[in-house]
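Here the structure is laid out as structure tokens; the discussion comes afterwards.
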Amino acid sequence: FLSVTEDLVRRRAEHNNCEIFSLEEISLHQQEIEKLEYLDKWCRDLKILYLQNNLIPKIENVGKLKKLEYLNVALNNIERIENLEGCEELKKLDLTANFIGELSSIEALKSNIHLKELFLVGNPCTEFEGYRQYVVATLPQLKCLDSKEIERSDRIQALQNYAEVKQKIREQEQAYLLKRAREKEEAQRKMQERKDKKQNQMKSKFGFDSPDSLQNKENHHAEGDREQETWKTVEDDEDRRFWEEPTPYTPESRLETHRYIEEKRRAKDNIKESKKREKPLRTLVTAEGKVLNVNVPKLHFSLKDDEENNQIILDLAVYRHLDTSLLDVDVQPTYIRVLVKGKPFQLVLPEEVKPDSSSAKRSQTTGHLVVSMPKAREIILAKQKVSTSIKHSDCNTLQKNARSIQVEKLEVDPTKYSFPDVTKIIQEKERIGQGPIRLQPKKTTETKKSYVDFENNEDV
């Protein structure tokens, strides 16, 4: 059976930062809970507790919740009111659509002096004659019963006939309890019958695997599919019979329906799991050796031809928060394969690359995987081209340009330019034996005078 777990309570306490010791309100509805426990130890400060639409058969382990003001246990399998004496602050109790037939159990609520609202709609006890008068007379603190306000005249009338109404309620209650005992016996018998029938069906289904029949197993391959279809038809008939068969609305039938649905769901999940396990591996390379393009993880990618650096770059948009240990990169000369959490991404490359010189990096901001793969052919060709071109054509042109520049410098006509002749200065120095400071100023002035049209060109 399913009970209240700490993990469940913490998940439902998101509004309280998953802290349960200071929790004041929690909703545990539709959780298929079959046993109510631990809440009085974990959540002592609870004021509002929602437990509707579960399979709880008994009110228990809430008696220590002294601050509890509202308890909702509608649509459960509760048959009597009990264990609420410790809920001193209880103001509202919702027991709608349960199986309370023991109406006298409401006397346990006498100690809950703050109880103002009580809901018993949809319980068998509401069909008893004198039901409302009995409840009104038994619980004087009530202000509202089944969404209907209790008038002062209603309480006076109920108290006048209390002894008579109480006797009638006791008799009807005893009759209901006898009926419930028979229903329990019948439910137990049906459950046993269904269990035996299921065991026989399982034996008949797997009977052909016995030692005697194993010898003829090869002859039954053709009949296997037919037998599977027959078994499926039997299951469908059983399913239809289960839902169409009229059954009394009891805690047992409600629990049985829930178990039946759970069993069917589990069987379906098992079939799905087995199909997943049997699923063949995806073909990455065909039998003929052709490499296929595959993108099982469905990731965005871009393939760039970096001609400047003579390499091919793959940018794979891997999930940002994916751990790098879950990535496996395999570069081959003609293709690249990346396993992302075991799912293959494979891409055929446009040119042959060098796997040994390839490198893979991970972006810290985007999480993308960038794989740089140098080209194999282009590197060799590039070296040959560069070497030959430098040796022959480029070297010749450079030498010619150098010669032409030198020739221009050597063949300068000194009459066309205003700057002094450097060679003559050096010769004069060597001839006279004096430094450049002792040069005659007359010569420079004469030069300036002789060239009147001189323009100082800074570029020259």
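Yeah, the Cβs are placed from backbone N, Cα and C, and that goes for glycine too.
The DSSP breakdown of the compositional bias 'Basic and acidic residues' (182-199) into helical (H, G, I), extended (E, B) and coil residues amounts to 18 helix, 0 strand, 0 coil. The feature compositional bias 'Basic and acidic residues' is assigned by TrEMBL to 182-199 (among others).
Annotated compositional bias 'Basic and acidic residues' per TrEMBL: 215-244 (among others), in sequence order.
Under the heading compositional bias 'Basic and acidic residues', TrEMBL lists 443-452 (among others).
The domain 'Dynein axonemal assembly factor 11-like CS' annotation in TrEMBL covers 254-375. Confidence in the domain 'Dynein axonemal assembly factor 11-like CS' (254-375), given as mean pLDDT, stands at 87.
The region 'Disordered' feature in TrEMBL is assigned to 182-250 (among others).
According to TrEMBL, the feature region 'Disordered' maps to 433-460 (among others).
Per-class residue totals from DSSP over the domain 'Dynein axonemal assembly factor 11-like CS' (254-375), listed helix then strand then coil: 31 helix, 45 strand, 46 coil.
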